[in-house]
Amino acid sequence: VSMNHTSVVEFVLLGLANSRQWEITLFVLLGIAYLLILLGNISVISITLTNNFLQTPMYYFLRNFALLEITFTSTFLPSTLYSLLTERKTISLPGCFLQMLLFYCLGTCTLFYMAVMSLDRYVAICHPLHYPAIMNSRFCLQLILGCWALTFLLMFPPTIMTVQLPFCGPNVMNHFYCDASLLLQLSCTDTGFIEELMFIILIIILPGTLIVTAVSYGCIIVTILLIPSAAGRRKAFSTCSAHLLVVMVFYSTCIYRYIRPAQRGGQDSDKVLSLFFSVLTQTVNPYIYSLRNRQVKQALKEKILKFSGSL
């Protein structure tokens with residue numbers, strides 16, 4: 001990317017706190033959250049890879065989802081923690097552009113993954129007899145590749161266009177990661193076309209994947225209501241309600257952050273919203289989607305007992 005007309009060599013990220021006491025507090029809280037994200041998702045990956053009873057489409061998607069979550073949070077949380085600990089607020093131009101590209105691509109892919117996993121649960125619960133034939137290994141791979149293909153097809157053009165913009169100053173962003181909407185505000189050229197393009201893409205991605213997820217869970221709820229056993233209905237609703245709560249928090253904060261009317265960004269409330277969908281939901285996802293599952297808990301218990309026995 002040509003930087004001949006760029007005078008800015010780094011950006012200043014104001015971060016999450018204005019006082020040293022709050023920075024230390026947030027460092028501890030976010031450090032714990034990042035540790036839980038890593039431990040939870042690594043546990044899901046290792047258990048589903050090594051247990052023969054977990055080689056089903058559902059756990060195939062959960063394993064890929066866990067790997068995606070580790071990668072997504074690692075694009076910004078380590079640098080955020082480093083900034084909180086050392087009070088270093090700057091990030092280089094190439095580092096900022098790379099972080100923005102990875103954040104939006106991996107975040108978009110997360111939305112597609114959540115829609116795919118809801119479709120998988122819909123087929124498994126509503127059409128159990130046809131599930132093995134429909135969700136075969138080839139189709140599962142095609143769904144995963146399709147998520148990545150759609151992500152890069154939709155997100156690469158606007159992010160690359162943003163990277164090529166000239167930046168002449170100021171260079172201060174009121175955020176804890178390089179946000180595309182804030183970068184556009186700092187450019188010293190007209191960014192109207194890129195802003196409209198990004199808004200259209202977000203309108204396609206966010207409501208589109210939300211509709212797929214909502215319709216899938218709606219059909220699942222209808223099927224659950226037909227279960228004759230009251231205990232079976234309670235158990236199914238317990239799992240389904242937890243999934244829906246995470247989905248609601250993730251989508252509501254994303255939609256309000258990125259496609260609300262007259263959105264310009266740079267407010268403190270934007271950072272709080274970003275923490276919800278980029279940290280909070282990522283922290284609870286492995287426990288909501290995987291580690292609460294009876295088969296996964298049994299496999300984890302066996303691993304712990306085996307490890308304890310070897311010691």
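Each residue's number is its place along the chain shown, starting with 1.
Placement of Cβ uses the backbone N, Cα and C atoms for every residue, glycine included.
Whatever TrEMBL says is automated annotation, not expert-curated.
As annotated by TrEMBL, domain 'G-protein coupled receptors family 1 profile' applies to 40-289.
Residues annotated as transmembrane segment in TrEMBL: 24-49 (among others).
Summarising the annotation, TrEMBL assigns transmembrane segment to 61-85 (among others).
Counting only same-chain residues 6+ beyond the ends of the transmembrane segment (97-119), those with a CB under 8 A from a CB of the stretch are 1, 58, 61-62, 64-65, 68-69, 71-72, 75-76, 79, 91, 143-144, 146-148, 150-152, 154-156, 159, 162-163, 177-180, 183, 205-206, 209, 212-213, 216-217, 243, 247, 250, 254, 278, 289. If you look up TrEMBL, you'll see 97-119 (among others) marked as transmembrane segment.
Annotation source TrEMBL lists transmembrane segment at 139-156 (among others).
What TrEMBL records for 199-227 (among others) is transmembrane segment.
Among the features that TrEMBL reports, transmembrane segment is placed at 239-259 (among others).
Residues 16, 30, 33, 36-37, 40-41, 43-44, 48, 59, 62, 65-66, 69, 72-73, 76-77, 107, 117, 174-177, 179, 242-243, 245-246, 249-250, 253-254, 256-257, 297, 300 of the same chain lie 6+ residues outside the transmembrane segment (271-291) yet bring a C-beta within less than 8 angstroms of a C-beta in it. As annotated by TrEMBL, transmembrane segment applies to 271-291 (among others).
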Same-chain residues at least 6 beyond the ends of the transmembrane segment (24-49) whose Cβ lies under 8 Å from its Cβ atoms: 16-17, 55, 59-60, 62-63, 66-67, 69-70, 73, 77-78, 80-81, 84-85, 279-280, 282-283, 285-287, 290-291, 296, 299-300, 303
Mean per-residue pLDDT computed across the domain 'G-protein coupled receptors family 1 profile' (40-289): 88
